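Trainee: What Swiss-Prot records for Cys559, Cys568 is [4Fe-4S] cluster binding site, and it gives sequence analysis as the kind of evidence. Marked as chlorophyll a B1 binding site by Swiss-Prot on the basis of sequence analysis: His654. Under the heading chlorophyll a B3 binding site, Swiss-Prot lists Met662, Tyr670, citing sequence analysis as support. According to Swiss-Prot, the transmembrane segment annotation covers 46-69, 135-158, 175-199, 273-291, 330-353, 369-395, 417-439, 517-535, 575-596, 643-665, 707-727.
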Amino acid sequence: MATKFPKFSQALAQDPTTRRIWYGIATAHDFESHDGMTEENLYQKIFSSHFGHIAIIFLWTSGNLFHVAWQGNFEQWVAQPMKIKPIAHAIWDPHFGQPAVKAFTKGGASYPVDITFSGVYHWWYTIGMRTNNDLYNGSLFLLILSAIMLFAGWLHLQPKFKPGLSWFKNNESRLNHHLSGLFGLSSLAWTGHLIHVAIPESRGQHVGWDNFTYTLPHPAGLQPFFTGNWSVYASDPDTSNHIFGTSQGAGTAILTFLGGFHPQSQSLWLTDMAHHHLAIAIVFIIAGHMYKTNWGIGHNIKDILDAHRPPSGRLGKGHKGLYATITNSLHMQLGLALASLGVITSLVAQHMYAMPPYAFMAKDFTTQAALYTHHQYIAGFLMVGAFAHGAIFFIRDYDPEENKNNVLFRMLDHKEAIISHLSWVSLFLGFHTLGLYIHNDTMIAFGTPEKQILIEPVFAQWIQASSGKALYGFNTLLSSSSSIATKAGSSVWLPGWLEAINSNKNSLFLAIGPGDFLVHHAIALGLHTTTLILVKGALDARGSKLMPDKKDFGYSFPCDGPGRGGTCDISAWDAFYLSVFWMLNTIGWVTFYWHWKHMTIWQGNVNQFNESSTYLMGWLRDYLWLNSSPLINGYNPYGMNNLSVWAWMFLFGHLVWATGFMFLISWRGYWQELIETLAWAHERTPLANLVRWKDKPVALSIVQARLVGLVHFSVGYILTYAAFVIASTSGKFG
C-alpha cells in the first residue's frame, strides 16, 4: 500500500478523515513533533533549509533585475530620475480593452506596464548601476548564487557533510564567524563597492570590470592610509551645487562626516554612507575576535552570563542558567532573533523616509509611502512571532530546575505584577485618549471648536529642539547658537545636520502639535495592549490559577473538553491570535498617521492635518473618505483610468477581509453540519456521485478555523490599505 501524506507522522497518515490533510499541512514545519526526530537531525534539517531560503531570496531579486532590464525603462529613468516613472514590468492581459491598454501604457513604454513603487530604481542608481547590461549582469550573478545555495542546502543533508550537534551548539565560534565574517567582512565589502564603484559613478566617472583594477578611487591612492594621514580622505567633499551623476561640483573625498543631505538628490551623502559602513566593519571585525574558541584567550559567554548577578542579591541569581537554556532551545533563539529583526525593520521604515539613503527617492512620494507601510507591517508580524516562539519556549523547552531563581524564573514568579501593570497602562491610555478625542468630536459637532482640549507635545518638541530644530524657540542644546554642542557640530562633526533638520525639503523631525500628541497616545495604547496580550500569553503558557496544568496541553488547544468550564480560548496560541488583531490595529494607526501627515505636507496643506486630526470625524472624513475618491471612482460603466486596478484591489481586499469573519464568528459545529448535508446531497446526485473520496470530510478544528479567519482578516486588511496608499498617493502626485 502506498504511504499516505504526511510521511512524517504515522498516526496522521492513518487518519481516515480529511483531518489528515489539514493537520499534515499544519505540522509540516513543526519538525520537533515528527516521527523519529532526533535533536541532531532537527538542527541539520533547519540548517539546510536556511540555504533554500537564501536561494529563494536570490532567485526573487534576480527576477526583479531581469524583468526591469527586459521590460523596464531603467536607462531612460537614469537620464531623468525626477521626470520619468520607473517601470516594474510589462502587463500581458487578454482582458484589456482599448481604454485599458491606453491607460496602462505609461512611463515612456509602447505597451501596458506596471509602475514600480519599491524604490529599486533609486537603489540601483545610487549604488552605481547605469545600464540595462548592469542589471542583466546582476541578475545572472544572483541566479548563479541561488543555484550554489540550493546545492549547498542539498549537500549539507548528505551523510558526509552533515554537521554534528556539537558544531551547532558551539556558540563562541558561531558568534565570531557571524560577527567578523557575516557582518564585518560584508560591511567592508560594501564599503569597497561604494568607494570603488558608487562614488565615482555619482561623480560621472564610470567604473566597470574593464577599468576598476587601475582606476584610483582617490587621487592620493593608499599613501594616506599607510602614513596615518587619514583626514586626506575626508577633505574636498562634493559641493552643495554638485549635480548627482556628473563631475559638476564634485569633490574627491571618499570618507566624510558631513551630515544632512545632498541638496539635489535629497539623499544622504554617499561618502557619509561609505564612512558609516567602514566604521561598522571595523567594530564587527573586532567584535568577532572577542570570544574564546581554540586558543585560551577571549570571553566565554557562559562566564559572562553567570557573572551577571546583581550585587544586592534582591534580584536573585540574575543570568545564571541562561547559557544552557538559550543554547538548547531553538524557540528561545528564534524568539530573540525575531524580536531583534522586528525592531530593526521598524527602524528601517523610520529611517528610509526621515533619512533617505537613495538618490531622488525623497521626491517619489508614493514609493516613500509604500516602503514605510511595507516595513511597518513586516515589523509587526516579526514582533508577534517573537512572542509566539517565546511562549512555545516556555511550554516545550523551559526547565525550572536549570533556571532556579534566575531572571526567567523571576519573570514567571512576578507575572501577576507585570500583567496587571500592563493592563493598568492600557486602560489609562485607552480611556484618556478616547476621552479627549470624543470630547473634541462633541465640541466640533456642537459648533464650538474653540472648546476642544488641545495639548501641545512640549516634551517631544523640547527633544526636537535639543536635536537642533529652531522652530519652537526653545533655544536649548543644538538649537541654541551659543551652546558648546552647536559650535562643535558646525565645524567638527556633521556640519550639514542643522541645515537639514531646519529645512522643509525633508521629513526630518517634522513639526508636531496637538493632533500628533493625540495620535501618539493612540499608538501607545495599541502598543501596550498588543504587548499585554503577548506577554500574558507567554507568561501564562505553562499554567495559571485557572488551569495550572496548561503546559501539558501544548501550545494550541481549544479547551479541555466540555467538563472543565472556562478553559476555552486560554492557550498560548489564542493569545497570539488575539494579539495579531491588535498589532494590525496599531500599525493601521501608525500608517494612517504617517500617510495623512505626509500627504498634507507634500500638498503644501499641512493645516488640514493639524486642524482635522484632533477629533475622530476628522480622521474618518478628511483622511479616509477624502483620499478614497480615486478608489471609489477607479472604474465605472463609462470607462476607467490607470488607477482602476488599485480600485479593484481595494474592493477585493475588503472582500477577503470580510470573508475572515465567516470563520471567526461561526464555529466548528456549523461547518460540520453543513459538510454532512453537502456530503449527503453529493452521494444522491447523479453523475456527481461517480466522484468518491477516500477521506471522510470533516470540518476544520476550532483552532484551524480561527487561523483561516485570521489569515483572511490580515491579508484583506493589508491588501485594502496597500491599494488605498498607492492609489491615493499616486493619484495626487502622478
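Each Cβ is built from the backbone N, Cα and C atoms, and glycine gets one as well.
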Trainee: So for His654 (chlorophyll a B1 binding site), how many other CB atoms are inside 10 Å of its CB?
Mentor: 15
Trainee: Nearest to Cys559 ([4Fe-4S] cluster binding site) by Cα distance: which of the binding-site residues His654, Met662, Tyr670 is it?
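Mentor: Closest candidate to Cys559 ([4Fe-4S] cluster binding site), judged by Cα separation, is Tyr670.
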Trainee: Under 8 Å Cβ-Cβ from Cys568 ([4Fe-4S] cluster binding site), six or more apart in the same chain: what's there?
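Mentor: Within the chain, Cys568 ([4Fe-4S] cluster binding site) has Cβ neighbours under 8 Å at Pro558, Cys559.
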Trainee: Would the transmembrane segment (575-596) and the transmembrane segment (643-665) count as touching if the test is at least 3 Cβ pairs under 8 Å, pairs 6 or more apart?
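Mentor: Between the transmembrane segment (643-665) and the transmembrane segment (575-596), which are separate recorded stretches, there is no contact, as judged by 3 or more close Cβ pairs.
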Trainee: Taking just the CA atoms, what is the gap between Met662 (chlorophyll a B3 binding site) and His654 (chlorophyll a B1 binding site) in Å?
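Mentor: Computed Cα spacing between Met662 (chlorophyll a B3 binding site) and His654 (chlorophyll a B1 binding site) is 13 Å.
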Trainee: Roughly how many Å separate the Cα of Tyr670 (chlorophyll a B3 binding site) from that of His654 (chlorophyll a B1 binding site), to the nearest whole number?
Mentor: 24
Trainee: Taking DSSP as the reference, which of helix, strand or coil describes Cys568 ([4Fe-4S] cluster binding site)?
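Mentor: In three-state terms, Cys568 ([4Fe-4S] cluster binding site) counts as coil.
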Trainee: Is the transmembrane segment (643-665) packed against any residues at least 6 beyond its ends, judged by a Cβ distance under 8 Å, and which are they?
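Mentor: For the transmembrane segment (643-665), the list is 100, 103-104, 628, 630-635, 705-706, 708-724, 726-727, 730-731.
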Trainee: Which of Cys559, Met662 (the binding-site residues) has the most other Cβ atoms within 10 Å?
Mentor: Cys559
Trainee: Which number gives the other C-beta atoms within 10 angstroms of the C-beta of Tyr670 (chlorophyll a B3 binding site), all protein chains shown included?
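Mentor: Taking every protein chain into account, the count is 13.
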